[in-house]
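Worksheet for the structure shown next.
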């Protein structure tokens, strides 16, 4: 019997005109079966001031969100500091090292990708994506950012829907969270 693995998801973060947005789909797939269509893979952390989304094994997400929120508390909401400390732990902690996931995190000004290999990456553009449909969402977001005046929220929604049309591990049941610089 072959080992079945959890697949999927698409998470996209975009920033425009003082608005930071992270969105993700809700599909959880085990092997060739959709197990759940309405999972929440995007959350608000640290009293709503930080947005986070994950791609990877669903069970791992809860551990990652909890750990990252702890780092935010320890470092008083400093996104970069919390991300670097989280990545360090992820790389060195035996239990965390086995987690197969990636996270996008953002405050009102900055967005970061945190990987299980200990990388903390700040994107070159005002958008970044992860997950099985990440390249589709990234391409769509780039076209929308370069050729329209859509808000960050609209870019995220449209790009995720395009990814859902193309990626079998991504659906149209979206969760979208946003922060405004003025908040």
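Glycine is treated like the rest: Cβ placed from N, Cα and C.
Here is what Swiss-Prot records for this protein:
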- 9: active site (ACT_SITE)
- 164, 167, 170: Na(+) binding site (BINDING)
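Distribution of Swiss-Prot features across the structure.
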residue: 9; record: active site; DSSP class: coil
residue: 164; record: Na(+) binding site; DSSP class: helix
residue: 170; record: Na(+) binding site; DSSP class: coil
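Other residues of the chain with a Cβ within 8 Å of the Cβ centroid of 164, 167, 170, the Na(+) site, are 10, 25, 27, 132, 133, 136, 160, 163, 165, 166, 168, 169, 171, 172. Sequence-distant neighbours of residue 9 (active site) (same chain, 6+ residues apart, CB-CB distance under 8 A): 24, 25, 27, 28, 41, 54, 55, 56, 131, 132, 133, 169, 170. Within 10 Å of the C-beta atom of residue 164 (Na(+) binding site) sit 22 other C-beta atoms, taking all shown protein chains into account.
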